[in-house]
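Q: The structure that follows is given in the form of structure tokens.
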Amino acid sequence: MVFQLLWGGNVLKSFDTDTVFDVNAIVSHVLFTVLFDEVRYVHTIAELQSVERAAKGKADIVLGHVQVLGLPEHRALMETAFVYGVKYQFVLTTGGPVLTNMGVEDISSLTAGLWFLHCKGASQSQHSDPCPHTALRRALTTLHIYTFLQLMEAPLVVRSQSEASVEPSEVNMVHSHLQVPLLFLFSQPHTVALDRVTAQTLAWRLRGQVGLVLIHRESPDVKIPLEYNAAYRLPGEGSEVKYLILNNLEEVIDLFRDESTPEEEEDDDNWATLDVLDDEVAESVYRDRGQSLDMDAVTELTADIFHSAVAESDYTVVLFYVKWDAVSMAFMQSYIEVSESLEDADVSDVELAVLDCGEWTDVCSAQKISFFPTVRLYRPQEPSQPYQGMLGTESLNRFIMLSRLVSPVLLSSPDEVTSFLKGDLYQRHAAIAPVTVLGLFSSTADAGVSVFKEAAKALRGETMVGLFADRQAEIWAVEYSVTLPAILVSRGPTGQTEAHSLNLSMPDQLVTHIQRALLDTFPELTVENLPLYLELKKQLLVLFVGEEERGRKENRVLEDMRSLLNTGLINPYLPCWIHLGRTPAGKAVLEAYLGFLPLLPALVVSQLATGGEVFHYPTGRPLMVQPILQWLQRVEDGEEPPTGVIVDEKWMPSMPFYDFLSVMDQEVPGYASQRSAKTKTSRIERAEGEKSSSGERQARAGAHNPQGSPTTKPPQTPHHHSEL
């Protein structure tokens, strides 16, 4: 299989499946192509020196090294080049002599690295001298690179009167916000010149690791004991300043050289947490990374056993996932819990299995898996059935239990029909499927029976479907004022039974018709069913009730609302209700609607589909049919002012750093706006026109050079399956 990068209908580059093995590989390869003419590739010291000579006095250089293309380090480097490409000259090296020139002693052990070459301040007269450089001494992640570049822009030594004539605990500079330790040197009036030289020397040796501040003792605001000549403050809110006596520069260097101190490990953990804040699911997976999953509860499939496994069991549920997808890993725990619950319930004919599409790409391609996670149920000699419900334990368990039932259930007598509609026929499943559907036909010879059976198969896992084909159905059709064929929708022993005539043209149309009929006319909205009702595109007439509305009071309020349905005057609305006790998220919804929390019960009209205006039924007015109808009429006539408006807010990044376009504009005003389709086309056209240039030849040669060159991650051999 081959993936293609297209622009304007033209193929810019093709990638084999093995080269785009996860999201990091996809992003890095796309940026690799788009930025081809902006990122320089060097393989020798002479090539690097040539880039340095051209940059001296003009721009600093960011030199990156990755051994393997497509890994997270490659993605982080290319993302940074995309954001900061106009400010710095980015250079990518494949290792070898260039790494030796940067001071790397063991080249084979370095998988990725980054250096900042200070060429902008270098003089053109120093033609042969290399630019001073600073190495990134942390993992090559997007956030670490961003922090590193901010530190490179920070003053080498803070020593101005306004910034450094205060107590160390009151110093506030960029290093503190970037989670970097601060080192304070205390200067005497008669040694200021020497102290500045010392601070400058230390700052260069600790650049990127420590922020250095030179504090003048003569300031009246500085009250530091005379016996101390230095102090430091570790990153973190509430961190204390620690004073000490230093006798030489090496003592200072040793103080910050050991990066495995407990404080540094905690700092790394804080930064790693920030690195996933842009995605709540990814963050939850990261926070639970220490919890091991009990994979013994499920069967781990491979390419060798997949087909035999799904053929041996009556019902095989397979979760197709990839380890790099946060949603897949978050859902994995729920999936395991379903397997354990089925075992506890003594359900022996269902096998739950998982298959890692990152390893067994051939199986997932053959099964046409296009997104992750995907759950499918397999039955022998039948097409697989996709699971389309919520990614949670309760919803998946319900789907599996209902999928085990025959659909449709063939009923042969009026007594069986009554038992089926009341839930007595399948008492074990009545709790998870309180709504049942019964198809009514006058005879099994009716042409629509086969269409109904196909629709019933498609509805397995959603509800229980029965079929009754007999002359008795004609009598029931008259009682319910419908024509055959028809369906009866029963909402349990205490609920009402509704009748709907059917149009049996195609099975998929019938499935949609039945699904709409399953929706309640006055539903209790929950997180799970809300999307189904929003698809109706109606204005919501929502009644919010709390824990205090219990028993008779709650029933009376709900009955008054149900009485509105009988008037036939609220067809433009979907009357519904939310119980804030059972659905706590409804409290946040109500507050977002009105801007405050009113007394309960509260009746609200939400016009989400037509402008987002929200109207609140006056507090204290009785919730009765006529007052509500009069209020709705005033809303429709524009006589009732809206209480609030639901603003169509933009989905902004959770941290400023993740807003890449703003970062671009902050560095070079107007630069992000240049990333229009026209500008992108010109860049890509240049890249496409230079595919035969020396840089492209070097990149291709490097991809096949085992001596330290970037190579595409090799395909994983399909004869084993690694543990999670």
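The backbone N, Cα and C atoms fix where each Cβ goes, and this holds for glycine too.
Curation plays no part in TrEMBL annotations; they are all automatic predictions.
Pulled these from TrEMBL:
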type: DOMAIN; residues: 32-155; note: domain 'TXNDC16 second thioredoxin-like'
type: DOMAIN; residues: 162-251; note: domain 'TXNDC16 third thioredoxin-like'
type: DOMAIN; residues: 298-400; note: domain 'Thioredoxin'
type: REGION; residues: 671-724; note: region 'Disordered'
type: COMPBIAS; residues: 682-699; note: compositional bias 'Basic and acidic residues'
Q: For the domain 'TXNDC16 second thioredoxin-like' (32-155), jot down how many residues DSSP puts in helix, in strand and in coil.
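A: Per-class counts: 47 helix, 25 strand, 52 coil.
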Q: Please count the residues of the domain 'Thioredoxin' (298-400) that DSSP assigns to helix (H, G, I), strand (E, B) and coil.
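A: Each residue of the domain 'Thioredoxin' (298-400) counted once, the result is 40 helix, 23 strand, 40 coil.
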Q: Looking only at the domain 'TXNDC16 third thioredoxin-like' (162-251), what are its DSSP counts of helix, strand and coil residues?
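A: Output for the domain 'TXNDC16 third thioredoxin-like' (162-251) reads 30 helix, 20 strand, 40 coil.
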Q: On the 0 to 100 pLDDT scale, where does the domain 'Thioredoxin' (298-400) sit on average?
A: 91
